[in-house]
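Going by TrEMBL, these are the annotated features:
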DOMAIN    B:5-78  domain 'Glycine transporter'
TRANSMEM  B:6-23  transmembrane segment
TRANSMEM  B:30-50  transmembrane segment
TRANSMEM  B:62-82  transmembrane segment
TRANSMEM  B:89-107  transmembrane segment
DOMAIN    B:91-164  domain 'Glycine transporter'
TRANSMEM  B:113-136  transmembrane segment
TRANSMEM  B:148-166  transmembrane segment
TRANSMEM  B:172-193  transmembrane segment
């Protein structure tokens, strides 16, 4: 119940982030719906495809599709009011990527993949919806350029495998890892921490 | 035989639409071939991947690949004459999306998915080849911006599930649903009906 | 051992080509890593997805991920020196596509696909990493526009099926086909051979 609530809040936040980017591009209603949808379920879909877990999750559980559709309807109606919810949405989004990272890691463990691959799957689950959103909107994905986002997922995912070595219950390790993702992302945004951009210094 | 003919005409129309977009970008012969190919089989491929129906259809049936290759050869040779066939091509394309929508729905039913997911699969089959074409050509997909296309698939797909509730043979429901897609698309183009574009009204 | 060495050199060359393109776009460290990664494993991943060979190869063998990560670290540190290695990198890349073409064909044969599909899979394995790299960097894929690249894979792949008809050992046919890819690519670059670009001659 607790996880499900977070999952839905994360889905809502991801879908809204899709609505916002789609609006900037002045897409039509169908375009907005698809971008919202891809942003919310793209990461998990890629993960499921890579490990061969098909039909992919959202095909077997209507909750996601309905949540996203309702979010888009509200998002489109209250498009001019969305700015007042920026902080809540950022919070949902941040909690969402923490949870999605661990969901991806769990799927990797179930598929008996190595820890590094599990962390990769977790990061993908949390961040590739946004990558697909940006590709569909004809932008270079923002997480490749300036946001600490995937890095928080990677470090949080790695922390999970450290925590499981400690003499604590696996549930606590799970929640601790989610917290690491969330705290890293909050700190990065609060203090404007970014990864270095890479380029040639001479021409 | 009847369906197969439509399937091939649809494949031809989709491939030509790929050739036309690729030409605008002045791609080379290989680029034109790939864009034509992706436009024609992209939707069905995504559908098959999502439901885990692999190897994907066109890998097991040479008809598609040969049809597309021959279409590209003719398209490239008669590139300056293609404009005279615009109406026929539009008609093939429209019949094609009607058929592809129902093909996708059938696959969804075989995979025992819910009606909503079947409609989503049908819409994907009919419209995501064009989405992939536009992404490969570095454009925001046209169906996200201005064309009534996917909407016709969604409504036509939904009509199928209504028709199957009626006391008519399932074959008739099938054909009726295809007709709904076709008629909606023709009406939308004839009367210039578009979905509303979504954007912020204040800055 | 011999093949493995080539495989790793090819992976290095593909990853570096990703680093170079990502740098042009001034991506951050994570972006560079992902682009390098996608360039190196994108073709094989698409191949594995299409034939349903999941979890995809790089998820089950850490060699690729580690090779790419180390390559990116060196690439980023020695970013200003990379130009001195252009020739070696081009050679690795060219040997890499030869090998990757045959790796793809082998997978197709294992999946009992027809020769044409095997060649398509081989070409995909060798060239679609670069396609995905360019899409993620918001460019029209370079192999659709000007480079003889896929064409060398297609002809080399076709030559393999001719060679297997000859009374020679299958290992020799394998190596001969790889050589055909390499030689065609070297000749094309040396003599500036390109495919014709397709466009309308009247407006």
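Cβ coordinates are placed from backbone N, Cα and C, and glycine is handled just like the others.
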Intrachain residues whose Cβ lies under 8 Å of the transmembrane segment (B:30-50), provided they are six or more past its termini:
11, 14-19, 21-23, 56-58, 64-65, 67-69, 71-72, 75-76, 100, 103-104, 107, 121, 124-133, 136-137
Criterion met for the transmembrane segment (B:62-82) and the transmembrane segment (B:6-23) (at least three Cβ pairs under 8 Å):
yes
Residue numbers, six or more beyond the limits of the transmembrane segment (B:6-23), whose CB comes under 8 Å of its CB atoms:
31-32, 35-41, 63-64, 67-68, 71-72, 75-76, 79, 82, 89-90, 92-93, 95-97, 99-100, 103, 129-130, 133-134, 137, 139
Across the domain 'Glycine transporter' (B:91-164), what is the average pLDDT of the model, as a whole number?
91
Mind tallying the domain 'Glycine transporter' (B:91-164) by DSSP state, helix then strand then coil?
59 helix, 0 strand, 15 coil
